[in-house]
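Take a look at the structure below.
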Amino acid sequence: MSEAAQTLEGWYALHDFRMIDWSAWKRASEADREAALDELHSFLSVWTGVEERKEGSTAFYSIVGQKADFVFMHLRETLEELNELETAFNKTRLAEYTIPVYSYVSIVELSNYMAQPGTDPMQNPEVAARLKPALPKSKHICFYPMNKRREGSDNWYMLSMDERKTMMRSHGMIGRSYAGRVKQIITGSVGFDDWEWGVTLFSDDALTFKKLVYEMRFDEVSARYGDFGTFYVGNLLDGEKFRTMLSV
Ligand code: VOV
């Protein structure tokens, strides 16, 4: 049996993708639409408070294309909190005009492939900050789920720790060359959702997602062992931008 990688976990994550029911929204009265948007505003300020108290973080982005219209990415201390959050939103007026189209449950994860032997990573403030991150307010988001392949001679889970470490080092080097341009949040979802990881990228330049993901495709760990799900890409929202987006 190969040695399992050790993982460190931080906040639980829920990516909640919604579509707008435009016909219902247009049929609603002006007063109902206003009430729905006001209620969303109060949710957004509650979530800002959570972030200020460092008890979690929420990202709010539109999604381009027909897969969804917007996404909330919530990070919280427990799975119960995520559940409460989701249910509270489902009870809002705005939720009556949305259709849930996709969700992803995972937890912020760091693995020990790059760890310095003999050190306690939890004593490293950088590690602690990466496990419980304030999500960036970058202009763009990109999300997709992925697996490491387990097929015939291309089985990631049968490789030795050393082989995996070598490949992850090369992966990390490519990633690092995008430092300052892309922020990645890797969330583990084995046992939680249909894929093994969620990849969430943030950048002020959407084209950087394409460049980074393409460059990684040529790197062995992605070229040989990466299997990918559906990609979602979009633009930063806030209460005001959402109001504009929904104005009819
Ligand atoms: C800014 C880009 C960037 C950077 C710097 C970066 C670095 C690193 C490091 C140093 C490490 C290992 C230690 C840790 O931190 O866990 C990882 C780990 C991981 N990555 Fe990564 N990654 C990036 C970006 C990045 C992307 C774009 C993808 C998607 C791959 C693609 O082809 O589309 C990805 C995937 C992953 C995964 C699934 C893991 C966990 C693998 C496992 O088997 O456990 N990642 N990653």
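Every residue, even glycine, has its Cβ placed from backbone N, Cα and C.
Taken from TrEMBL, the feature Fe-coproporphyrin III binding site applies to Arg130, Tyr144, Pro145, Met146, Asn147, Lys148, His171, Gln184, Ser222. Of all Cβ atoms in the shown protein chains, 21 besides its own fall within 10 Å of the Cβ of Ser222 (Fe-coproporphyrin III binding site). Annotation note: Ser222 (Fe-coproporphyrin III binding site) sits in a helical segment as assigned by DSSP.
Sequence-distant contacts of Tyr144 (active site), defined as residues of its own chain at least six apart whose C-beta falls under 8 angstroms from its C-beta, comprise Gly198, Val199, Phe228, Gly229, Thr230, Phe231, Tyr232. According to DSSP, Tyr144 (active site) sits within a strand segment. Per TrEMBL, the feature active site maps to Tyr144.
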Check: Record lists Arg130, Tyr144, Pro145, Met146, Asn147, Lys148, His171, Gln184, Ser222 as binding Fe-coproporphyrin III; longest Cα-Cα distance in Å?
Finding: 22
Next item on the list: Kindly point out which of the recorded positions Arg130, Tyr144, Asn147, Ser222 have a C-beta less than 6 Å from some atom of ligand 1.
Entry: Ser222
